[in-house]
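Taking it in order: structure first as structure tokens, then the write-up.
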Amino acid sequence: METKISILFSTPNLCTLLILVFFSFAASPSHASLSFNFYATSCPAAEFIVSNTVRSASSNDPTIPGKLLRLLFHDCFVEGCDASVLLKGNGTERSDPANTSLGGFSVIDSAKRVLEIFCPGTVSCADIIALAARDAVAVAGGPAFQIPTGRRDGRISNAANVRPNIVDTSFTMDEMIKLFNSKDLSLDDLVTLSGAHTIGLAHCSAFSDRFQRDSKGKLTLIDTTLDSTYAEELMKKCPAGASTSNTVSNDPETSFAFDNQYYSNLVAHKGLFQSDSVLLEDGRTRKQVEAFANDQQIFFRSWGESFLKLTIIGVKTDAEGEIRQSCSFANN
Ligand code: HEM
């Protein structure tokens, strides 16, 4: 299965890719139940209900798409895309400090509530997260495409599994590559999926170690790859002693638009996290960053392929896992 996927994702045409992935899933016993339109007969309105919920929540609160997209990333990298990130309780993934700034839970819960009315016990929370993230990108102006469904919900959620599986902003390129590879994601996928930082917010603590003020109040760059004017702006928004709840936009130019501005920011040395800036600094990824900055369509095409790979990490299907009644708790 791993080999099949890596061959498939070198295909440049997304339509061809989706058709191939469909047949690949259908032929693979381990993913026999993951397919496009999985709910066509059991819950025909499933995808509509999710997208409607995402649209309406996002129209009230433009920060929702970013939250939903990050939620998927943190779900899939820990225990696979199985909604383990949603489970409440002592010692679950959700309780880990690396996950305390996650959001969008109420949107997933709203969609689930409606789905339980129309199709009780049918649509998994894992599928809702994946569909909601896919729709969040489209709502924010990014590409829209089909993804396979049929994921089942996991019963295991352990905070101790979070840190070893989630990338920290202090990671070197080699560390990021290693972690992504362990999820069957390539260097190209790393550059592409980091483009998620074209939307959303970040707390000051995620980047404020990149600069400091000296005793005379003058800016000192700790990370000299950062543009000093941008660092000044960030420092104003994150003054020493600022509330831990202070946030800035990941992409200050087009904060809520899913576009290729993230890559133009990188080229201008305005990547917010050290892990963003390194994509420009490292010779292995610079060309791809520049290509995405120059052509949004190239980024969007690549996004469809890499996003699909993200949504199938470690999925549970068939007899594995369960369909939760409530997304926050495993069934009794
Ligand atoms: C490559 C390594 C990555 C690192 C080190 C990283 C790190 C971070 C950090 C520190 C934040 C700010 C969180 C906060 O302060 O509240 C953030 C935000 C975000 N990340 Fe990442 N991330 C990475 C990759 C990804 C990927 C692959 C995705 C999705 C495909 C993603 C989607 C997002 C989104 C959408 C936000 C904004 C969240 C919001 O608005 O609430 N990130 N990321």
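Using N, Cα and C of the backbone, Cβ positions are placed for all residues, glycine too.
Nobody curates TrEMBL annotations by hand; they come from automatic prediction.
Quick caveat, the model's predicted, so the values are computed rather than measured.
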| field | Disulfide-bonded cysteine for Cys119 as listed in TrEMBL, from Cys15, Cys43, Cys204, Cys238 | value | Cys43
| Of the candidates Thr192, Thr198, Thr317, the one that TrEMBL places in the Ca(2+) 2 site of Asp251, Thr254, Asp259 | Thr198
| recorded positions whose CB lies under 6 angstroms from ligand 1, from Arg70, Asp82, Glu93, Cys125, Cys204 | Arg70
| Which residues, sitting 6 or more apart from Cys119 (disulfide bond) on the same chain, put a CB under 8 Å from its CB? | Tyr39, Ser42, Cys43, Ala45, Ala46
| field | Cα-proximity to His197 (heme b binding site), 10 Å cut-off, over recorded positions Arg70, His74, Cys327 | value | Arg70
| note | By Cα geometry, the one of the recorded positions (His74, Cys76, Cys81, Cys204, Cys238) nearest Glu93 (Ca(2+) 1 binding site) is His74
| query | Which ones are near His74 (active site, proton acceptor): of the recorded positions Gly80, Cys81, Cys204, Cys238, Cys327, which have a Cα within 10 Å? | reply | Gly80, Cys81
| request: List only the single closest residue to Cys204 (disulfide bond), chosen from the recorded positions Asp75, Cys81, Asp82, Cys125, Cys327 by CA-CA distance. | output: Asp75
